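Some features that Swiss-Prot has for this protein:
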type	residues	note
TRANSMEM	39-59	transmembrane segment
TRANSMEM	112-132	transmembrane segment
TRANSMEM	148-168	transmembrane segment
TRANSMEM	219-239	transmembrane segment
TRANSMEM	245-265	transmembrane segment
TRANSMEM	272-292	transmembrane segment
TRANSMEM	322-342	transmembrane segment
TRANSMEM	343-363	transmembrane segment
Amino acid sequence: MNKVHSEIKTQSFNPFWNAATLKEKSRIDPNLKKALSYLWKFLKICVFLFLTVIGLWGCTQTYSEPWTVSNPRIGVGLEIGYNYGVTGDYRYDLTSSNIGPYFSFANYQLSYGPFLAWFVWPASQIILPILYQTRVPLTQGIDYGLNTILAILILLFIIRLITIGITLNSTLNTERMGEVQGKIAEINAKYKNATDTQSKKMKQIEVMHIYKKHKIKPAALFVQGFVTIPIFLIVYKMVSLTRPIKATILFGIWDLSVTPGTEIISDISRNWVYIFFVLLVVPMQIVSQWLPQFWATRRNRNAKTTSQKGLEQLKKTRRIQWILIFVFALFPVITPSAVGLYWFLNSIFTILQSYITHVFIVKRRQRTKTISRLDQILNRELD
């Protein structure tokens, strides 16, 4: 009777009892599981190293290979578009303006390096047909660049689909990190003035114990950064090299090929319209980085530290976060306006995704609490 009573309690506690029982019966061999785990870690390291090398290549390529340098002027520098005569539209057909060195990139080739060939060129081939098919022909009115907005939105959607797994994993790790932020701040405050090796070792042990208890993988918090930086470099090069984007005058006032900060400083009396561009893009960038932190703080109010030293450490951490937010917010000012447009649209995607994640986590917690209460009631009744 006691055995049956215990079995009923166990089954009542787990709302997914059938799935859990099936999983136990079909347990994978431990040695095979361990081997697969090592293989997966090795593959991830290879991918991260590959992305790091590609990112460094993208950053330094223009210094060693001048034929890959972009130029804001149409028909100057390296450009991606259609072969001359294919469309009959100067905004899409690659041709030199005879002002400076010119290099065309209409067909796939490795002569411009693996970064441009493997990443930038394929990305441009996604948006080029969209740009061309939704354009306003030269003889039928003014093109306000709405096709450019549409093309970047579609590219953003594809990027989000590709990186959604990494983003969600990083978000969940960040969420767990937020839940223990108070405890970590307490440990940092506890060993703030410690200089001996033993104290530093004890601090590391205590922190790792909290991470292990709450299933936090510190490395996972940096994974999104490893992916975000190469993506940014790809988009930056793509919008800088794609001829129709360089030719876009957004809403008839903002040239997407020029840098807002440079235009404002060079002649503010003529280029004052770029001030409004900056005032639109920069605040949106700040909000998109602040809102996820704000929602995480609201969700984890009970995880805050209570000691004075812990609060001081927490304030220091948040100060660093705000510095990073403002540093990243300056990027749209010092890069071409097309990059600023991408960051603006990307910020909207980030806010929407963060809100959906926030609602999902809140509802999941409420559901977990409801199940826990139900288990307590069932266990009391069985007792």
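Backbone N, Cα and C define each Cβ position, glycine as well.
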Which of 39-59, 148-168, 245-265, 272-292 shares the most C-beta pairs under 8 angstroms with the transmembrane segment (322-342)?
245-265
For the transmembrane segment (272-292), which partner among 39-59, 112-132, 148-168, 245-265, 343-363 gives the most CB pairs under 8 Å?
343-363
Selection from 39-59, 112-132, 148-168, 343-363, the stretch that has most Cβ pairs under 8 A to the transmembrane segment (245-265):
148-168
